[in-house]
Amino acid sequence: MAMKINTGEFHERVEKGIHNTFMRGAVAGAQERLRTRRLEAAQELGNWEEWRALGEEIRQHTLENLDYYLMQLSENVKKRGGHVFFAQTAEEANDYICRVVASKQAKKIVKSKSMVTEEIHMNAALEKLGCEVIETDLGEYILQVDDHDPPSHIVAPALHKNKEQIRDVFQQKLAYTKTEKPEELALHARAMLRQQYLTADVGITGCNFAVAESGSITLVTNEGNADLVTALPKTQITVMGMERIVPTFEEMEVLVSLLTRSAVGQKLTSYITVLTGPREEGEVDGPEEFHLVIVDNGRSDILGTEFQPVLQCIRCAACVNVCPVYRHIGGHSYGSIYSGPIGAVLSPLLGGYDDYKELPYASTLCAACTEACPVKIPLHELLLKHRQTIVEREGKAPISEKLAMKAFGLGAASSLLYKLGSKIAPTAVNPFTTNDRISKGPGPLKAWTDIREFPAPEKERFRDWLKQRGNE
(Lines of atoms letter the chains of each structure in order from A and count residues from 1; the text may use other names and numbers.)
(Lines give C-alpha, C1' and ligand atoms only; values in the text may rest on other atoms or scores of the structure.)
Protein backbone atom coordinates (compact mmCIF):
# COMPACT_ATOMS: atom_id res chain seq x y z
CA MET A 1 0.00 0.00 0.00
CA ALA A 2 2.22 2.84 1.34
CA MET A 3 0.92 5.40 -1.20
CA LYS A 4 -0.84 7.87 1.07
CA ILE A 5 0.51 11.41 0.84
CA ASN A 6 -2.58 13.65 1.19
CA THR A 7 -2.14 16.54 3.56
CA GLY A 8 -5.46 18.00 4.61
CA GLU A 9 -8.90 17.65 3.09
CA PHE A 10 -9.25 17.59 -0.68
CA HIS A 11 -11.17 20.87 -0.89
CA GLU A 12 -8.49 22.55 1.25
CA ARG A 13 -5.73 21.33 -1.04
CA VAL A 14 -7.66 22.48 -4.10
CA GLU A 15 -8.31 25.92 -2.63
CA LYS A 16 -4.63 26.28 -1.81
CA GLY A 17 -3.71 25.31 -5.37
CA ILE A 18 -6.22 27.66 -6.95
CA HIS A 19 -4.88 30.61 -4.96
CA ASN A 20 -1.24 29.84 -5.82
CA THR A 21 -0.96 32.22 -8.75
CA PHE A 22 2.68 31.42 -9.49
CA MET A 23 2.02 27.69 -9.64
CA ARG A 24 -0.96 28.16 -11.93
CA GLY A 25 1.10 30.33 -14.27
CA ALA A 26 3.98 27.85 -14.28
CA VAL A 27 1.67 24.92 -14.98
CA ALA A 28 -0.20 26.74 -17.75
CA GLY A 29 3.05 27.73 -19.44
CA ALA A 30 4.49 24.24 -19.16
CA GLN A 31 1.30 22.67 -20.48
CA GLU A 32 1.33 24.92 -23.53
CA ARG A 33 4.99 24.22 -24.30
CA LEU A 34 4.74 20.47 -23.79
CA ARG A 35 1.49 20.19 -25.72
CA THR A 36 2.93 22.11 -28.68
CA ARG A 37 6.09 20.01 -28.71
CA ARG A 38 4.09 16.80 -28.47
CA LEU A 39 1.87 17.73 -31.41
CA GLU A 40 4.87 18.74 -33.53
CA ALA A 41 6.78 15.55 -32.69
CA ALA A 42 3.71 13.43 -33.42
CA GLN A 43 3.08 15.20 -36.71
CA GLU A 44 6.59 14.35 -37.88
CA LEU A 45 5.64 10.68 -37.92
CA GLY A 46 2.75 11.41 -40.25
CA ASN A 47 0.59 8.52 -39.03
CA TRP A 48 0.28 9.18 -35.30
CA GLU A 49 -3.06 7.42 -34.88
CA GLU A 50 -1.61 4.23 -36.34
CA TRP A 51 1.25 4.44 -33.84
CA ARG A 52 -1.25 4.94 -31.01
CA ALA A 53 -3.24 1.93 -32.15
CA LEU A 54 -0.07 -0.15 -32.29
CA GLY A 55 0.95 1.02 -28.82
CA GLU A 56 -2.46 0.09 -27.46
CA GLU A 57 -2.27 -3.33 -29.11
CA ILE A 58 1.18 -4.01 -27.62
CA ARG A 59 0.12 -3.00 -24.12
CA GLN A 60 -3.13 -4.97 -24.27
CA HIS A 61 -1.36 -8.09 -25.53
CA THR A 62 1.28 -7.82 -22.81
CA LEU A 63 -1.28 -7.42 -20.03
CA GLU A 64 -3.33 -10.34 -21.30
CA ASN A 65 -0.21 -12.51 -21.18
CA LEU A 66 1.49 -10.84 -18.23
CA ASP A 67 2.19 -14.00 -16.24
CA TYR A 68 4.01 -15.56 -19.20
CA TYR A 69 6.19 -12.53 -19.90
CA LEU A 70 7.03 -11.98 -16.23
CA MET A 71 8.22 -15.57 -15.93
CA GLN A 72 10.24 -15.21 -19.13
CA LEU A 73 11.79 -12.00 -17.80
CA SER A 74 12.63 -13.63 -14.48
CA GLU A 75 14.26 -16.65 -16.11
CA ASN A 76 16.38 -14.50 -18.42
CA VAL A 77 17.53 -12.18 -15.64
CA LYS A 78 18.63 -15.20 -13.62
CA LYS A 79 20.42 -16.70 -16.63
CA ARG A 80 22.46 -13.50 -16.83
CA GLY A 81 23.47 -13.80 -13.17
CA GLY A 82 20.86 -11.45 -11.69
CA HIS A 83 18.48 -11.93 -8.78
CA VAL A 84 14.70 -11.51 -9.05
CA PHE A 85 12.20 -10.86 -6.26
CA PHE A 86 8.44 -10.67 -6.75
CA ALA A 87 6.94 -8.33 -4.12
CA GLN A 88 3.24 -8.67 -3.48
CA THR A 89 3.11 -5.52 -1.34
CA ALA A 90 5.06 -2.33 -0.76
CA GLU A 91 6.24 -3.74 2.56
CA GLU A 92 7.63 -6.87 0.93
CA ALA A 93 9.48 -4.78 -1.66
CA ASN A 94 11.01 -2.53 0.98
CA ASP A 95 11.97 -5.47 3.20
CA TYR A 96 13.83 -7.15 0.34
CA ILE A 97 15.61 -3.96 -0.71
CA CYS A 98 16.62 -3.26 2.89
CA ARG A 99 17.97 -6.80 3.28
CA VAL A 100 20.12 -6.44 0.17
CA VAL A 101 21.42 -3.05 1.31
CA ALA A 102 22.12 -4.32 4.83
CA SER A 103 23.99 -7.36 3.48
CA LYS A 104 26.36 -4.97 1.71
CA GLN A 105 26.72 -2.82 4.82
CA ALA A 106 25.82 0.07 2.55
CA LYS A 107 25.40 3.56 3.93
CA LYS A 108 25.18 5.71 0.82
CA ILE A 109 22.72 5.04 -2.02
CA VAL A 110 22.32 6.95 -5.27
CA LYS A 111 18.97 6.72 -7.00
CA SER A 112 17.57 7.71 -10.39
CA LYS A 113 13.97 8.83 -10.93
CA SER A 114 11.37 6.19 -10.14
CA MET A 115 7.65 6.59 -9.53
CA VAL A 116 7.20 3.12 -8.09
CA THR A 117 9.82 3.71 -5.39
CA GLU A 118 7.91 6.88 -4.46
CA GLU A 119 4.73 4.82 -4.41
CA ILE A 120 6.14 2.30 -1.91
CA HIS A 121 8.02 4.96 0.15
CA MET A 122 11.32 3.17 -0.36
CA ASN A 123 13.47 6.13 0.64
CA ALA A 124 11.87 6.32 4.07
CA ALA A 125 12.44 2.60 4.64
CA LEU A 126 16.13 2.92 3.75
CA GLU A 127 16.56 6.01 5.90
CA LYS A 128 15.17 4.09 8.87
CA LEU A 129 17.92 1.59 8.19
CA GLY A 130 20.44 4.39 8.62
CA CYS A 131 21.19 4.91 4.93
CA GLU A 132 21.59 8.17 3.06
CA VAL A 133 19.55 8.10 -0.16
CA ILE A 134 20.51 10.71 -2.76
CA GLU A 135 18.14 11.53 -5.62
CA THR A 136 20.13 12.16 -8.80
CA ASP A 137 17.39 13.31 -11.18
CA LEU A 138 17.72 17.10 -11.09
CA GLY A 139 14.05 17.74 -10.37
CA GLU A 140 13.89 15.10 -7.66
CA TYR A 141 17.19 16.35 -6.21
CA ILE A 142 15.79 19.88 -5.91
CA LEU A 143 12.73 18.56 -4.07
CA GLN A 144 14.83 16.39 -1.77
CA VAL A 145 17.09 19.30 -0.85
CA ASP A 146 13.98 21.40 -0.19
CA ASP A 147 12.99 19.28 2.83
CA HIS A 148 11.53 16.45 0.75
CA ASP A 149 8.92 18.56 -1.03
CA PRO A 150 6.64 16.07 -2.86
CA PRO A 151 6.62 15.98 -6.69
CA SER A 152 3.82 17.75 -8.55
CA HIS A 153 4.21 16.17 -11.99
CA ILE A 154 5.00 12.66 -13.22
CA VAL A 155 7.75 13.71 -15.64
CA ALA A 156 8.75 17.15 -14.30
CA PRO A 157 8.56 16.72 -10.51
CA ALA A 158 9.70 20.28 -9.66
CA LEU A 159 7.33 21.96 -12.13
CA HIS A 160 5.81 24.05 -9.33
CA LYS A 161 9.10 25.85 -8.58
CA ASN A 162 10.71 28.71 -10.49
CA LYS A 163 14.42 29.37 -10.88
CA GLU A 164 14.44 32.02 -8.14
CA GLN A 165 12.92 29.59 -5.66
CA ILE A 166 15.44 26.93 -6.64
CA ARG A 167 18.27 29.44 -6.24
CA ASP A 168 17.05 30.26 -2.73
CA VAL A 169 16.86 26.57 -1.80
CA PHE A 170 20.40 25.98 -3.06
CA GLN A 171 21.67 29.04 -1.16
CA GLN A 172 20.09 27.85 2.08
CA LYS A 173 20.99 24.17 1.80
CA LEU A 174 23.96 23.82 -0.58
CA ALA A 175 26.06 26.96 0.02
CA TYR A 176 25.25 28.19 -3.48
CA THR A 177 26.59 31.68 -4.26
CA LYS A 178 25.74 32.31 -7.92
CA THR A 179 22.66 33.56 -9.79
CA GLU A 180 19.33 32.00 -10.71
CA LYS A 181 20.51 31.16 -14.24
CA PRO A 182 19.46 27.57 -14.99
CA GLU A 183 22.91 26.74 -16.39
CA GLU A 184 24.62 27.80 -13.16
CA LEU A 185 22.09 25.99 -10.99
CA ALA A 186 22.52 22.79 -13.02
CA LEU A 187 26.32 23.00 -12.87
CA HIS A 188 26.22 23.38 -9.10
CA ALA A 189 23.89 20.40 -8.73
CA ARG A 190 26.12 18.35 -11.02
CA ALA A 191 29.19 19.18 -8.95
CA MET A 192 27.38 18.23 -5.74
CA LEU A 193 26.17 14.93 -7.20
CA ARG A 194 29.36 13.83 -8.93
CA GLN A 195 31.12 12.94 -5.68
CA GLN A 196 28.05 11.04 -4.50
CA TYR A 197 28.23 8.71 -7.51
CA LEU A 198 31.88 7.93 -6.81
CA THR A 199 31.33 7.07 -3.16
CA ALA A 200 27.94 5.31 -3.31
CA ASP A 201 27.66 1.69 -2.20
CA VAL A 202 24.40 0.88 -4.01
CA GLY A 203 22.59 2.30 -7.04
CA ILE A 204 18.80 2.08 -7.36
CA THR A 205 16.83 2.76 -10.53
CA GLY A 206 13.31 2.49 -11.80
CA CYS A 207 12.48 0.88 -15.12
CA ASN A 208 10.72 2.34 -18.13
CA PHE A 209 10.40 -1.03 -19.85
CA ALA A 210 11.75 -4.48 -19.04
CA VAL A 211 12.36 -6.70 -22.08
CA ALA A 212 11.19 -10.25 -21.42
CA GLU A 213 13.10 -11.95 -24.25
CA SER A 214 16.52 -10.86 -22.96
CA GLY A 215 16.05 -10.03 -19.29
CA SER A 216 17.03 -6.41 -19.96
CA ILE A 217 15.80 -3.20 -18.40
CA THR A 218 15.45 0.08 -20.29
CA LEU A 219 16.00 3.54 -18.81
CA VAL A 220 14.88 6.63 -20.75
CA THR A 221 16.44 9.89 -19.51
CA ASN A 222 17.69 13.28 -20.62
CA GLU A 223 20.29 13.85 -17.90
CA GLY A 224 22.49 10.77 -17.96
CA ASN A 225 22.23 10.35 -14.21
CA ALA A 226 20.76 6.85 -14.53
CA ASP A 227 23.85 5.72 -16.46
CA LEU A 228 26.10 6.79 -13.60
CA VAL A 229 23.79 5.19 -11.03
CA THR A 230 24.12 1.86 -12.84
CA ALA A 231 27.78 2.10 -13.88
CA LEU A 232 29.63 3.06 -10.70
CA PRO A 233 28.14 1.38 -7.57
CA LYS A 234 29.00 -2.29 -7.12
CA THR A 235 25.40 -3.27 -6.40
CA GLN A 236 22.41 -2.26 -8.51
CA ILE A 237 18.75 -2.66 -7.58
CA THR A 238 16.05 -2.01 -10.18
CA VAL A 239 12.47 -1.58 -8.97
CA MET A 240 9.62 -1.91 -11.48
CA GLY A 241 5.86 -2.14 -11.46
CA MET A 242 4.85 -5.57 -12.71
CA GLU A 243 3.13 -4.09 -15.79
CA ARG A 244 6.22 -2.22 -17.07
CA ILE A 245 7.27 -4.99 -19.44
CA VAL A 246 7.39 -5.69 -23.19
CA PRO A 247 7.86 -9.01 -24.99
CA THR A 248 10.78 -8.04 -27.27
CA PHE A 249 12.97 -5.14 -28.34
CA GLU A 250 10.68 -4.61 -31.32
CA GLU A 251 7.79 -3.63 -29.03
CA MET A 252 10.13 -1.60 -26.85
CA GLU A 253 11.16 0.49 -29.86
CA VAL A 254 7.54 1.39 -30.58
CA LEU A 255 6.75 2.33 -26.99
CA VAL A 256 9.93 4.37 -26.54
CA SER A 257 9.02 6.36 -29.67
CA LEU A 258 5.57 7.02 -28.23
CA LEU A 259 6.96 7.82 -24.78
CA THR A 260 9.57 10.38 -25.80
CA ARG A 261 7.26 12.22 -28.18
CA SER A 262 4.35 12.25 -25.72
CA ALA A 263 6.35 13.17 -22.63
CA VAL A 264 8.68 15.91 -23.83
CA GLY A 265 8.09 16.27 -27.57
CA GLN A 266 11.40 14.70 -28.60
CA LYS A 267 12.11 12.07 -31.24
CA LEU A 268 14.42 10.47 -28.69
CA THR A 269 15.70 11.49 -25.30
CA SER A 270 19.40 12.13 -24.80
CA TYR A 271 19.95 8.73 -23.22
CA ILE A 272 18.19 5.41 -23.81
CA THR A 273 20.07 2.83 -21.78
CA VAL A 274 19.56 -0.92 -21.95
CA LEU A 275 21.08 -2.97 -19.11
CA THR A 276 21.23 -6.74 -18.96
CA GLY A 277 22.34 -8.26 -15.66
CA PRO A 278 25.55 -7.68 -13.70
CA ARG A 279 28.97 -6.89 -15.15
CA GLU A 280 30.43 -9.73 -17.19
CA GLU A 281 34.05 -10.75 -17.47
CA GLY A 282 36.01 -8.25 -19.53
CA GLU A 283 33.56 -5.37 -18.99
CA VAL A 284 34.98 -2.26 -17.36
CA ASP A 285 31.86 -0.85 -15.72
CA GLY A 286 28.47 -1.89 -14.42
CA PRO A 287 27.43 -3.52 -11.15
CA GLU A 288 28.96 -6.68 -9.77
CA GLU A 289 25.55 -7.67 -8.42
CA PHE A 290 22.12 -6.99 -9.92
CA HIS A 291 18.70 -7.30 -8.26
CA LEU A 292 15.33 -6.85 -9.98
CA VAL A 293 12.37 -6.16 -7.68
CA ILE A 294 9.01 -6.62 -9.44
CA VAL A 295 6.25 -4.87 -7.50
CA ASP A 296 2.58 -5.84 -7.52
CA ASN A 297 1.14 -3.59 -4.78
CA GLY A 298 -2.45 -3.92 -5.98
CA ARG A 299 -1.84 -4.23 -9.71
CA SER A 300 -2.91 -7.87 -9.94
CA ASP A 301 -6.26 -6.85 -8.43
CA ILE A 302 -6.78 -4.53 -11.41
CA LEU A 303 -6.09 -7.23 -14.00
CA GLY A 304 -9.23 -8.75 -15.45
CA THR A 305 -11.43 -5.87 -14.28
CA GLU A 306 -12.97 -2.99 -16.20
CA PHE A 307 -10.07 -0.86 -14.96
CA GLN A 308 -7.37 -3.03 -16.58
CA PRO A 309 -6.66 -0.46 -19.36
CA VAL A 310 -5.07 1.87 -16.78
CA LEU A 311 -2.16 -0.59 -16.57
CA GLN A 312 -1.35 0.22 -20.21
CA CYS A 313 0.11 3.52 -18.96
CA ILE A 314 3.71 4.26 -19.98
CA ARG A 315 4.05 7.25 -17.59
CA CYS A 316 4.44 9.93 -20.25
CA ALA A 317 2.13 12.45 -18.52
CA ALA A 318 0.57 13.54 -21.83
CA CYS A 319 -2.81 13.37 -20.10
CA VAL A 320 -1.55 15.64 -17.31
CA ASN A 321 -0.26 18.15 -19.83
CA VAL A 322 -3.68 18.70 -21.41
CA CYS A 323 -5.89 18.47 -18.31
CA PRO A 324 -7.78 21.72 -17.54
CA VAL A 325 -8.32 20.68 -13.91
CA TYR A 326 -4.61 20.02 -13.33
CA ARG A 327 -3.92 23.37 -14.99
CA HIS A 328 -5.88 25.19 -12.27
CA ILE A 329 -5.21 23.16 -9.12
CA GLY A 330 -1.69 21.77 -9.69
CA GLY A 331 -0.24 18.41 -8.78
CA HIS A 332 -0.14 18.74 -4.98
CA SER A 333 -3.92 19.13 -4.82
CA TYR A 334 -4.32 15.47 -5.78
CA GLY A 335 -2.61 14.38 -2.56
CA SER A 336 -1.04 11.42 -4.34
CA ILE A 337 2.24 10.44 -5.98
CA TYR A 338 0.24 10.17 -9.22
CA SER A 339 -1.49 13.40 -10.29
CA GLY A 340 -3.63 14.46 -13.21
CA PRO A 341 -6.11 12.18 -15.00
CA ILE A 342 -3.91 9.09 -14.70
CA GLY A 343 -3.54 9.75 -10.98
CA ALA A 344 -7.27 10.24 -10.57
CA VAL A 345 -7.83 6.78 -12.08
CA LEU A 346 -4.85 4.93 -10.61
CA SER A 347 -4.70 6.29 -7.05
CA PRO A 348 -8.06 4.89 -5.87
CA LEU A 349 -7.13 1.50 -7.33
CA LEU A 350 -3.74 1.28 -5.64
CA GLY A 351 -4.46 3.27 -2.48
CA GLY A 352 -8.18 2.70 -1.93
CA TYR A 353 -11.27 4.87 -2.13
CA ASP A 354 -11.07 5.95 1.50
CA ASP A 355 -8.05 8.14 0.75
CA TYR A 356 -8.68 9.05 -2.89
CA LYS A 357 -12.43 8.98 -3.52
CA GLU A 358 -12.53 12.69 -4.46
CA LEU A 359 -10.04 12.34 -7.31
CA PRO A 360 -12.40 10.85 -9.94
CA TYR A 361 -14.51 13.99 -9.52
CA ALA A 362 -11.50 16.24 -10.27
CA SER A 363 -12.35 16.10 -13.97
CA THR A 364 -14.51 17.92 -16.48
CA LEU A 365 -14.88 14.68 -18.48
CA CYS A 366 -13.78 16.64 -21.55
CA ALA A 367 -11.81 13.57 -22.77
CA ALA A 368 -8.73 15.62 -23.67
CA CYS A 369 -6.73 13.09 -21.64
CA THR A 370 -8.07 10.16 -23.62
CA GLU A 371 -7.31 11.91 -26.90
CA ALA A 372 -3.73 12.68 -25.81
CA CYS A 373 -2.88 9.23 -24.42
CA PRO A 374 -0.37 7.51 -26.73
CA VAL A 375 -1.66 4.04 -25.80
CA LYS A 376 -5.35 5.01 -25.99
CA ILE A 377 -6.38 4.49 -22.36
CA PRO A 378 -10.05 5.60 -22.12
CA LEU A 379 -9.31 7.74 -19.07
CA HIS A 380 -12.53 9.75 -18.98
CA GLU A 381 -14.57 6.55 -19.18
CA LEU A 382 -12.58 5.03 -16.31
CA LEU A 383 -13.23 8.15 -14.25
CA LEU A 384 -16.95 7.65 -14.82
CA LYS A 385 -16.64 4.01 -13.76
CA HIS A 386 -14.96 5.18 -10.56
CA ARG A 387 -17.82 7.58 -9.88
CA GLN A 388 -20.32 4.79 -10.39
CA THR A 389 -18.37 2.53 -8.03
CA ILE A 390 -18.18 5.26 -5.40
CA VAL A 391 -21.93 5.90 -5.52
CA GLU A 392 -22.65 2.18 -5.27
CA ARG A 393 -20.12 1.83 -2.46
CA GLU A 394 -21.45 4.78 -0.48
CA GLY A 395 -24.95 3.42 -0.93
CA LYS A 396 -26.60 6.80 -1.14
CA ALA A 397 -26.10 10.27 -2.54
CA PRO A 398 -26.00 13.34 -0.25
CA ILE A 399 -29.46 14.61 0.74
CA SER A 400 -28.81 17.96 -0.93
CA GLU A 401 -27.98 16.23 -4.21
CA LYS A 402 -31.07 14.02 -3.97
CA LEU A 403 -33.34 17.01 -3.37
CA ALA A 404 -31.77 18.99 -6.21
CA MET A 405 -32.12 16.10 -8.67
CA LYS A 406 -35.69 15.43 -7.56
CA ALA A 407 -36.65 19.08 -7.99
CA PHE A 408 -35.05 19.21 -11.43
CA GLY A 409 -36.76 15.96 -12.41
CA LEU A 410 -40.17 17.30 -11.42
CA GLY A 411 -39.60 20.55 -13.28
CA ALA A 412 -38.24 18.91 -16.42
CA ALA A 413 -41.09 16.39 -16.53
CA SER A 414 -43.81 19.05 -16.38
CA SER A 415 -44.17 21.42 -19.32
CA LEU A 416 -46.06 23.87 -17.10
CA LEU A 417 -43.38 23.94 -14.39
CA TYR A 418 -40.61 24.08 -17.00
CA LYS A 419 -42.20 27.10 -18.71
CA LEU A 420 -42.77 28.79 -15.36
CA GLY A 421 -39.22 28.14 -14.20
CA SER A 422 -37.62 29.42 -17.40
CA LYS A 423 -39.77 32.54 -17.20
CA ILE A 424 -39.05 33.52 -13.60
CA ALA A 425 -35.39 32.36 -13.44
CA PRO A 426 -33.87 35.58 -14.91
CA THR A 427 -35.85 37.72 -12.47
CA ALA A 428 -35.05 35.47 -9.49
CA VAL A 429 -31.28 35.64 -10.00
CA ASN A 430 -31.17 39.29 -11.08
CA PRO A 431 -29.98 40.55 -7.64
CA PHE A 432 -26.93 38.28 -7.93
CA THR A 433 -26.15 39.06 -11.59
CA THR A 434 -23.45 41.34 -13.01
CA ASN A 435 -22.75 41.53 -16.74
CA ASP A 436 -24.78 38.37 -17.40
CA ARG A 437 -22.76 36.44 -14.81
CA ILE A 438 -23.74 35.31 -11.32
CA SER A 439 -20.75 36.33 -9.22
CA LYS A 440 -22.27 35.80 -5.76
CA GLY A 441 -24.57 32.84 -5.88
CA PRO A 442 -27.14 32.02 -3.19
CA GLY A 443 -27.32 28.74 -1.28
CA PRO A 444 -25.53 25.81 -2.90
CA LEU A 445 -24.31 28.05 -5.75
CA LYS A 446 -22.10 29.96 -3.30
CA ALA A 447 -19.39 27.27 -3.26
CA TRP A 448 -19.20 27.53 -7.05
CA THR A 449 -19.28 31.32 -7.36
CA ASP A 450 -16.70 31.80 -4.60
CA ILE A 451 -14.05 30.67 -7.06
CA ARG A 452 -15.65 31.07 -10.51
CA GLU A 453 -18.51 32.86 -12.22
CA PHE A 454 -21.76 31.16 -13.14
CA PRO A 455 -23.60 32.11 -16.36
CA ALA A 456 -26.94 33.77 -15.70
CA PRO A 457 -30.10 32.44 -17.39
CA GLU A 458 -30.91 34.12 -20.70
CA LYS A 459 -33.54 36.82 -20.32
CA GLU A 460 -35.21 35.78 -23.55
CA ARG A 461 -36.55 32.23 -23.63
CA PHE A 462 -35.79 30.09 -26.67
CA ARG A 463 -39.52 29.49 -27.20
CA ASP A 464 -40.16 33.24 -27.40
CA TRP A 465 -37.14 33.79 -29.64
CA LEU A 466 -38.31 31.07 -32.04
CA LYS A 467 -41.89 32.32 -32.03
CA GLN A 468 -40.83 35.85 -32.96
CA ARG A 469 -38.68 34.60 -35.82
CA GLY A 470 -40.90 31.81 -36.98
CA ASN A 471 -42.22 33.70 -39.96
CA GLU A 472 -38.86 35.08 -41.10
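Using N, Cα and C of the backbone, Cβ positions are placed for all residues, glycine too.
Taken from Swiss-Prot, the feature [4Fe-4S] cluster 1 binding site applies to CYS313, CYS316, CYS319, CYS373. For CYS373 ([4Fe-4S] cluster 1 binding site), the count of additional Cβ atoms within 10 Å of its Cβ stands at 26 [all protein chains shown].
Taken from Swiss-Prot, the feature [4Fe-4S] cluster 2 binding site covers CYS323, CYS366, CYS369, and the record attributes it to sequence analysis. Look at CYS366 ([4Fe-4S] cluster 2 binding site): DSSP puts it in coil.
Sequence annotations record features per position, and here Swiss-Prot assigns domain '4Fe-4S ferredoxin-type 1' to 304-334 based on sequence analysis. For the domain '4Fe-4S ferredoxin-type 1' (304-334), the DSSP-based tally of helix, strand and coil residues reads 17 helix, 0 strand, 14 coil.
If you look up Swiss-Prot, you'll see 353-382 marked as domain '4Fe-4S ferredoxin-type 2'.
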Same-chain residues near the domain '4Fe-4S ferredoxin-type 1' (304-334), Cβ under 8 Å, at least 6 residues beyond its ends: 10, 13-14, 16-18, 20, 23-24, 27-28, 30-31, 34-35, 38, 55-56, 59-60, 63, 115, 150-156, 159-160, 208-209, 243, 255, 258-259, 262-263, 340-347, 349, 359, 362-364, 366, 368-379, 382, 385
Residue among the binding-site residues CYS319, CYS366 whose Cβ has the most other Cβ atoms within 10 Å: CYS319
Additional residues around [4Fe-4S] cluster 1, ordered along the sequence, whose Cβ is within 8 Å of the centroid of CYS313, CYS316, CYS319, CYS373: SER262, ILE314, ARG315, ALA317, ALA318, VAL320, PRO341, ILE342, CYS369, ALA372, PRO374, VAL375, ILE377, LEU379
For CYS369 ([4Fe-4S] cluster 2 binding site), nearby residues of its own chain (Cβ under 8 Å, 6 or more apart in sequence): CYS319, VAL322, CYS323, GLY340, PRO341, ILE342, LEU379, HIS380
Cα-to-Cα gap, CYS373 ([4Fe-4S] cluster 1 binding site) vs CYS366 ([4Fe-4S] cluster 2 binding site), nearest whole Å: 13
Pairwise CA distance, CYS313 ([4Fe-4S] cluster 1 binding site) versus CYS366 ([4Fe-4S] cluster 2 binding site), rounded so that it is a whole Å: 19
Cβ neighbour count (within 10 Å, all chains shown) around CYS323 ([4Fe-4S] cluster 2 binding site): 28
Beyond the site residues CYS323, CYS366, CYS369: chain residues whose C-beta lies within 8 Å of the centroid, for [4Fe-4S] cluster 2: CYS319, VAL322, PRO324, VAL325, TYR326, PRO341, SER363, THR364, ALA367, ALA368, THR370, ALA372, LEU379, HIS380
